[in-house]
Amino acid sequence: MSDLVEQRQNKLNELKRLGDAYPQPNLASRQSTVESLKMEGKQVTVAGRILLLRGHGKILFADLHDLTGKIQLFFEKNTLADKIDQTKLFDLGDIISATGIVFKTTAGETTIRVSDFQILAKNLRPLPEKFHGLTDVEERYRQRYVDLIVNPESREIFKTRSKILSTMRKFLDEHGFMEVETPILQPVYGGASAKPFVTHYNELNQNMYLRISDELYLKRLIVGGLEKVYEVSKDFRNEGVSRFHNPEFTQIEFYWAYVDYDELMRFTEQLVSTTIKTIKKSLTVSFQGKKLDFTPPFPRLTFRDAIFEKTKIDIDLIKTEQDFHKSLEIGNWKLDITGVVGLGAHFDALYKEYVRPYLIGPVFITDYPSEMIALAKRKADNPDKIASFQLLAMGTELLKAYNELNDPADQKARWQDEVALEKKGAETAMQMDDDYIRALEYGMPPTAGWGMGIDRFTQFLTDSPTIKDVILFPAMREENSSHVIASASEAISFGVGLASDKIIIGEIVELENHPNADKLHVLKINTGSEVLQIVCGAQNISVGDIVPVSLVGAQVFDEKNNSQVVKVAKLRGIESMGMLCSARELGLGPDHDGIYLLDKKLKENIGKPVNIFIEK
């Protein structure tokens, strides 16, 4: 036990000697700190946590914080008599109630002159030394309760998240949708292409899956006559983690009978813009240094045209995987398609590698190839396409929607194709769901469906660098002995032997297009002692970003988690004196979608090795 913890324990023992150390008073009628600020001259009762103490002896000031804000408390012997001695039992983080008259100090600060108080819960663990900010970001995730105590910005993120959900619920309710609940444990997983989590149902003696989507059950309700339904759900996909992905996530899905995807795009513009306006008081969203305008109508671009504009590959002319490989060779496009099975999956890989990162948006991408979504309805005038759209922003998907396939024969044939892909090794192929086919055979009206990940949407509206910042309790690896205070989003764990003294903090001071490659940038990086020229293809960076810079000779992680040495390189004729690091290269995980952006507060540490921030 540390000395500080022991001292606090001794104070708790004294409270126990004086009476109930954990009292349960009725404070239902207490005022909030914000309310109290407007009640000068009146007696109020407040309760909250002490986060600042000043003074000693006969006079003491304390800042009391609750969910609404803070107010100053004034304790003096003239008012409290002998009870002033109990203030010696105060520590930062203690939860107390206080009653007194509101007044203004000579400095003009609204304050409560305390006439009575009670310690409600003793804080036995010292708060982070800089009480106004828990800077060890891995601890922020592991001990979110401490993060919420000391970081007001974290509280605001989760208040915003709650408001996003309530705004969207209200919008759907006002438009006649009915909120429902469907099973989390499912005998057949479906509604998306993803790996499931598997568990066992003892009573039924069968394996079950944590749902990857609500889709198939919600559409069963459409069959049953519930024409407008939605669900706010927890879904689970046993896949990788990145700054935009988490295996456990929250989403809203809704299904609407007798409309098509064109109407749904207009409805989406209303829902998204209304939510953004409610949260931001504007239709402009700033995310990681870029401004996005969500004023309807949003631009539209077909999936085929999006790929063609960037790569000059016309996917409408590609009918086989061999055709696809030939198109890559002709255009000299390098694409890792290891383990990729099926023509639709090949199109998707090309799109995610060379097209999606450039779509800053917001933009609707429409009319995907029919091979890509097995549950979507084909377009009547072009059966090779499906009536579908995604809303893209900053190179990532915000939502997906499409006309729902309601032909049971076509649905069964599509799933048979998926089963065939699974036999070829496709790990995320969909399963055959015979009961859902039976439901369709009873007749499902023409229906459009829609799904949005709330975590990612919250990430955008709060300008949070990584999705873990907007999840109260994200899953974490077991605690280890060292981590890096690297950003306001995540701690970097360095592997044994990594030459982390050659990975330093830098700032992007100049960014220009590469003269010989439209998917590369030529950067100038301020490293403190010099400005380095580095060639980089990431699309999530801009001037002013603070980034991890691997100098020549540094060791970083490759896709197989092996270390490799950074060397001077010429990329399309331009010399690159180092590299910027993604999460994968830092050993954080598989994410290689973009550069791992550091907290801009670290600008004062430009040029310093990142391992300065390792805590042993």
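Placement of Cβ uses the backbone N, Cα and C atoms for every residue, glycine included.
Where the annotation comes from TrEMBL, it is an automatic prediction and has not been curated.
According to TrEMBL, the features are:
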type	residues	note
DOMAIN	158-474	domain 'Aminoacyl-transfer RNA synthetases class-II family profile'
BINDING	GLU397	Mg(2+) 2 binding site
BINDING	GLU397	Mg(2+) 1 binding site
DOMAIN	497-611	domain 'TRNA-binding'
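Listed in sequence order, ARG356, GLN390, LEU391, ARG456 are the same-chain residues six or more apart from the residue listed as 'Mg(2+) 2 binding site' with CB atoms under 8 A from its CB. Under the DSSP three-state reduction, the residue listed as 'Mg(2+) 2 binding site' is assigned to strand. DSSP places the residues of the domain 'TRNA-binding' (497-611) in helix, strand and coil in these numbers: 11 helix, 46 strand, 58 coil.
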